[in-house]
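Taken verbatim from TrEMBL:
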DOMAIN    19-469  domain 'Major facilitator superfamily associated'
TRANSMEM  21-41  transmembrane segment
TRANSMEM  53-75  transmembrane segment
TRANSMEM  236-259  transmembrane segment
TRANSMEM  271-291  transmembrane segment
TRANSMEM  312-333  transmembrane segment
TRANSMEM  345-365  transmembrane segment
TRANSMEM  377-395  transmembrane segment
TRANSMEM  415-438  transmembrane segment
TRANSMEM  445-464  transmembrane segment
TRANSMEM  470-490  transmembrane segment
Amino acid sequence: MDTKPKAVPSRRWFNPQLVQLKVTLFLLFGATSALTPYLTIHMQSIGLTVEEVASVYLTLLFTSCLSPPLTGYLIDRFGRYKPVLLTSIVLNAVSHHLIHFIPARNVIVTYRSWNVSLAGDGAALLLHGTSCPLQAYLNSSCSSNSSTSLPTYLTASDTSCADLPIPDCALPALSAGTLSLLEPVPPASEYDATFWTYLAVRFVAASMLASTLTITDPIALDMVEQHGGDFGREKLYSSVGMAIFTPLTGLMIDAWSSGSGPTETVYTPAFYTYDLLLLGSLVSVSLMPIGRKIPSESVMQDTRRLLRLPPVLAFLAFLFLLGNFWGFIESYLFVIMKAMGSPNYLLGLTYTVGTVASIPMMYLLERITQRVGHVNLLVVAFFAHALRILGYSWITNPYWCFPIELNEAISCYFMWVVATTYCAVLAPNSLVATLIGIAGMVHFCLGKGVGAFVGGFLIARVGLVLAFRYVGYMAVGCGVLYKLVHLLWLHRYDGRALPDRDPVRAVEELVKRRASILPKVDQFGSVVSFGGLARTKAEDAHDKKDAEE
């Protein structure tokens, strides 16, 4: 018998049943944004090379990707949310805090010296050497928030070395004569005890983080269906948490690092902020009125049937590609900004810009999706990724990150809300959590892992700027490909009933509910329909019983 309470219309603007959901989303995503954006540069701070960082992400690709679908399976199989989520949070906090205690590798940084002068016309730089620098940014004798990018040539062979950014404060010295610049030479890969220890701890941490975040989506969907509300607006609180704690952590890192030497960065505030927020989320989840869902007796069989549907396969394939681009920029955004001389607080503000920009879009989610459609919005997410990645390959001043990061609202936050609600359309209610788990594995684990791994080796081969440029062009191509696939093939499946539904009844519900791809909310804030045609037999029986009573 279905014991899930039906959503009761409420004329109050404040829904007390969803308060703990808002608090939980705020704390969990605030904790995530307080630490995970800094993990790549933290790896470099303990001595891991770019290739070792890429190897870490490659390993995480095969380890943490199993956690989201396993979590979704456990929820769908036994119908219990809270024990799984509480366990994930505890293991998440412990494993991530252990990363802080991994000792740094003793690395001896060596430099190559370059003598640079201005060409006679003052429009180009001349390098006195026999080969081009390996890095696009060199350490100058001064630092400035603005820089001038000039074409660079070797004086010995007149070979072009592309454009080289020079701080404005260095231009007077160049005009007066020759300026000496330093290029840090990356050390050879070590793969020593530091690397293997980090890899083992990060494996557990990444798995638990993926599990924790994956559970929040089916819980939010379930509570919105039970108590009324709007999924997109509830997810706003996760964006608010990310907008607040990423720059706040950056400021604390800068403050703690100010007395630790000119080159040492202390990441202690990020780890302890992460711990405190997860501790608060434990209390919040304990108080959350999470209902039970109907256990599914044939999860594996139904999932296999679901994954054979062409729209589901295409959705997961292109969600994987979106994860590639997201993983690349999330892993190496702070690296390229640090190469431009960005302070830590500015790194954190990149998250604030994207999350704040996503807030009005969440309120317009229903209208936008009804007019544009799921596939078109996912195509737009590809182009938003492309603009974001290409933007960083074009700028030399890190403060230009603010207009670029506006694209994050579409490519990340808005995209995942659309993808989550799309799962509620593609799958019956008994498999929504499983499909969301699979989507989380494909995007956040497989996609992100491949993107970070390939990106790391691409950066090691061609440099930061060219790597960002190549990946940005690939994002444009993938967006065009998804649109063409939908126009030429997938559009014929739009609006079709699920394979285990009665076709006649499916058509009746399609007319009645207009096959909504979003939670339909009436003027009192209660859910009128959810997931279009996706209803279980138990829910139909429950409605029939209510009607008889």
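Cβ from N, Cα, C; glycine included.
Note: TrEMBL annotation is automatic and uncurated.
No contact links the transmembrane segment (377-395) to the transmembrane segment (345-365), because fewer than 3 Cβ pairs that are 6 or more residues apart lie under 8 A. By the Cβ criterion (distance under 8 Å, sequence gap of 6 or more), the transmembrane segment (312-333) is counted as touching the transmembrane segment (470-490), at least 3 such pairs being found. If you count C-beta pairs under 8 angstroms between the transmembrane segment (236-259) and each of 21-41, 271-291, 445-464, 470-490, the highest count goes to 21-41. Residues 310-311, 314, 318, 321, 325, 328-329, 375-376, 378-383, 385-387, 389-390, 393, 455, 458, 462 of the same chain lie 6+ residues outside the transmembrane segment (470-490) yet bring a C-beta within less than 8 angstroms of a C-beta in it. The average pLDDT computed over the domain 'Major facilitator superfamily associated' (19-469) stands at 81.
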